[in-house]
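Peer 1: For reference, the structure I am asking about is given below.
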Amino acid sequence: MSKISIIGAGAIGATTAFALLQRGIAREIVINDINQEKALGEVMDLMHGSSLCRPCNVTLGTLEDTKNSDIIIITAGSPQKPGETRLDLVDKNYAIFKSFIPRLAELSPNSILLVVSNPVDILAYMTYKLSGFPKERVIGSGTVLDTARLRSLLGKYFGIDGRNVEGYVLGEHGDSEFVTWSSLMVGSIPVKSFSEQNSITWDEGNETVIAEDVKNCAYEVIKRKGATAFSVAIALTRIVEAIIRDEKSILTVSTLLNDYYGVSDAYLSVPTILGKNGIEKVLNIQLSKEEQEKFVSSANLMKQYIDRINDK
């Protein structure tokens, strides 16, 4: 049982607090937001139902109250609006991060920082720089949710439980992400063979449609309800649970890479073993030549934005 602080009490922050409370994996949840009244309302709402969950103290806190947190989940920042890409948010959200990341690091020097705000790969990299933490303890939520979306969509298409889909979305959490079709399995059977065995149509056109749906479904949700929240909270709770319970689970979080298909000094999502120390190990998986090119292209895009920030 651990102390978890959430910076930002918007749709994602509040829903994540709810999901964590439901899962019973924290003894204390501190919620911090620049809008204290809104944050207090969320805390009150959660506490009113807390006696129906495992014991957990949910409190409103300043940055100082986050001291000695085990995990700090950072959702603060300008939300993505209809028509905006995640990369459109980089300048304003980086300015916000500069105002509190160094202090968070001082107050909880042994914590794990889980960055959620978009563009998550760039902000995770800047959090790594601003905090001075080792790379293992600065994690971006990455494509954990994108991978879950992929598995859900394929499960629906093939009429099976999506948990039996074995494949990943890698690279940027954003428009340059890609699906690892070359190694994707359904029930340990290559996807093309699975489709043939079950007389289900499958070709490159299907791959393109599914990949585009995975990439764009967040925009579809934002267009209709203003923000994604439930699915993000579920993904974040899964990441936190893997760390708190030292599960050694493989999840596609965003992490600092060192010569991963030639990519170094960039945060991107790859299959990663998560445990009590944060990033336990980065796994090198086989990528096709086309997938390697997409991965490098995604990295180059992230580096362009990081260079732009550093030049200011």
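Yeah, the Cβs are placed from backbone N, Cα and C, and that goes for glycine too.
Taken from TrEMBL, the feature domain 'Lactate/malate dehydrogenase N-terminal' covers 3-140. For G8, A9, G10, A11, I12, G13, D33, K38, N93, S99, V116, S117, N118, S141, the entry in TrEMBL reads NAD(+) binding site. Annotation comment: TrEMBL describes Q80, R86, N118, P119, V120, D121, D146, T147, A148, R149, T228 as substrate binding site. Taken from TrEMBL, the feature domain 'Lactate/malate dehydrogenase C-terminal' applies to 143-309. According to TrEMBL, the active site, proton acceptor annotation covers H173. According to TrEMBL, the feature phosphotyrosine maps to Y219.
How buried are these features, and what lies next to them?
Peer 2: Secondary structure of the domain 'Lactate/malate dehydrogenase N-terminal' (3-140) per DSSP, as helix, strand and coil residue counts: 68 helix, 27 strand, 43 coil.
Around the Cβ of V120 (substrate binding site), the number of neighbouring Cβ atoms within 10 Å comes to 28.
Of all Cβ atoms in the protein chains displayed, 30 besides its own lie within 10 Å of the Cβ of H173 (active site, proton acceptor).
Long-range Cβ contacts of Y219 (phosphotyrosine) within its own chain (separation 6+, distance under 8 Å): P82.
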Peer 1: DSSP three-state call for H173 (active site, proton acceptor): helix, strand or coil?
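Peer 2: Assignment for H173 (active site, proton acceptor) reads coil.
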Peer 1: For the NAD(+) binding residues given in the record (G8, A9, G10, A11, I12, G13, D33, K38, N93, S99, V116, S117, N118, S141), what is the largest pairwise C-alpha separation in angstrom?
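Peer 2: Answer in Å: the longest Cα-Cα distance is 24.
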Peer 1: Rounded to the nearest Å, what's the C-alpha distance separating G8 (NAD(+) binding site) and T228 (substrate binding site)? Just drop the number here, would you?
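Peer 2: For G8 (NAD(+) binding site) versus T228 (substrate binding site), the Cα atoms are 15 Å apart.
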Peer 1: List only the single closest residue to N118 (NAD(+) binding site), chosen from the recorded positions D146, A148, H173, T228 by CA-CA distance.
Peer 2: H173
Peer 1: Could you state the whole-number distance in Å separating the C-alpha atoms of A148 (substrate binding site) and H173 (active site, proton acceptor)?
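Peer 2: With the alpha carbons as reference points, the distance is 13 Å.
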Peer 1: Looking only at C-alpha atoms, tell me how far Q80 (substrate binding site) is from N93 (NAD(+) binding site), rounded to the nearest Å.
Peer 2: 11
Peer 1: Work out the three-state DSSP category of Y219 (phosphotyrosine).
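Peer 2: Assignment for Y219 (phosphotyrosine) reads helix.
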